[in-house]
Amino acid sequence: METDRQGSESGACDGCCSDCSDEGTQSQQPTIFTDTRASLARRDYAKLLASVGGLTAVASLTAPLAGLTRVFEREYTGPVYSDGIYLVDGDGNRIEEKALSEGEKMTVFPEPRPGIEKAPTLLVRHAEDAYSDAVKTEYMVAGYTAYSKVCTHAGCMVSNEEDGTLVCPCHFGKFDPTDGAAVVGGPPSRALPQLPITVSSEGYLIATGDFNGPVGPGGD
């Protein structure tokens with residue numbers, strides 16, 4: 001069974017994510033965003049409600065819709081990661097190679113630096129032979145792979161899991177982390193972008209570039 005190592009990312013999803021805690025400060029909260037490299041037309045709430053069953057879903061969608069408001073109001077304006085950027089947890093601690101065991105995952109972020117966006121990222125670790133050919137081997141290290149946590153369907157956080165898949169709680173999109181975060185269920189039309197990573201000389205996980213595709217909705 002996959003275990004989630006939680007970081008301090010309170011409020012990131014306005015309570016709709018299973019791995020958000022109540023600790024931390026506002027300055028630690030990641031921002032949900034869309035990427036201008038992806039073309040996304042603004043949608044209204046009526047269309048969102050219709051997609052999940054109509055007005056009877058209003059009460060259950062209060063938290064997801066609050067998060068989606070921020071998706072629509074923000075666009076990507078700079079690099080998410082770049083070569084040499086350290087991966088850190090919600091408290092700003094750099095991630096060591098030994099941080100996760102096989103089958104575990106955690107939410108990480110790029111270490112703060114001027115011009116670098118706050119970008120929630122899913123870090124997972126599996127046995128290297130568990131990954132399919134869809135996973136770029138040059139993007140992974142020591143069984144670690146990293147993917148954007150922003151769902152490619154409507155921009156919610158992919159924060160849940162089910163039978164080894166990563167699940168978005170808003171519309172139940174499912175992604176397989178051992179198959180390049182390919183879509184295996186729900187409405188998303190493309191995989192979560194993968195982040196190229198390696199281990200620094202000091203033993204910490206770092207990025208070797210930016211995500212290999214647009215972050216968030218659109219980009220098809």
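Even glycines carry a Cβ here, placed using N, Cα and C.
Following the DSSP three-state reduction, the secondary structure of H171 ([2Fe-2S] cluster binding site) is coil. Residues or ranges marked as [2Fe-2S] cluster binding site by Swiss-Prot: C151, H153, C168, H171.
Look at C156 (disulfide bond): DSSP puts it in coil. The disulfide bond feature in Swiss-Prot is assigned to C156-C170; the stated evidence is sequence analysis.
The annotation domain 'Rieske' is assigned in Swiss-Prot to 118-206 on the grounds of sequence analysis.
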Binding-site residues compared (H153, H171) - highest count of Cβ atoms within 10 Å: H153
DSSP helix/strand/coil residue counts for the domain 'Rieske' (118-206): 9 helix, 34 strand, 46 coil
Cβ neighbours within the same chain of C151 ([2Fe-2S] cluster binding site) - under 8 Å, at least six residues apart: M157, V158, C168, C170, H171, G173, P188, L192, G216, P217
Neighbouring C-beta atoms (10 Å sphere around the C-beta of C168 ([2Fe-2S] cluster binding site)): 29
PLDDT averaged over every residue in the domain 'Rieske' (118-206): 94
For C170 (disulfide bond), the number of other Cβ atoms found within 10 Å of its own Cβ: 29
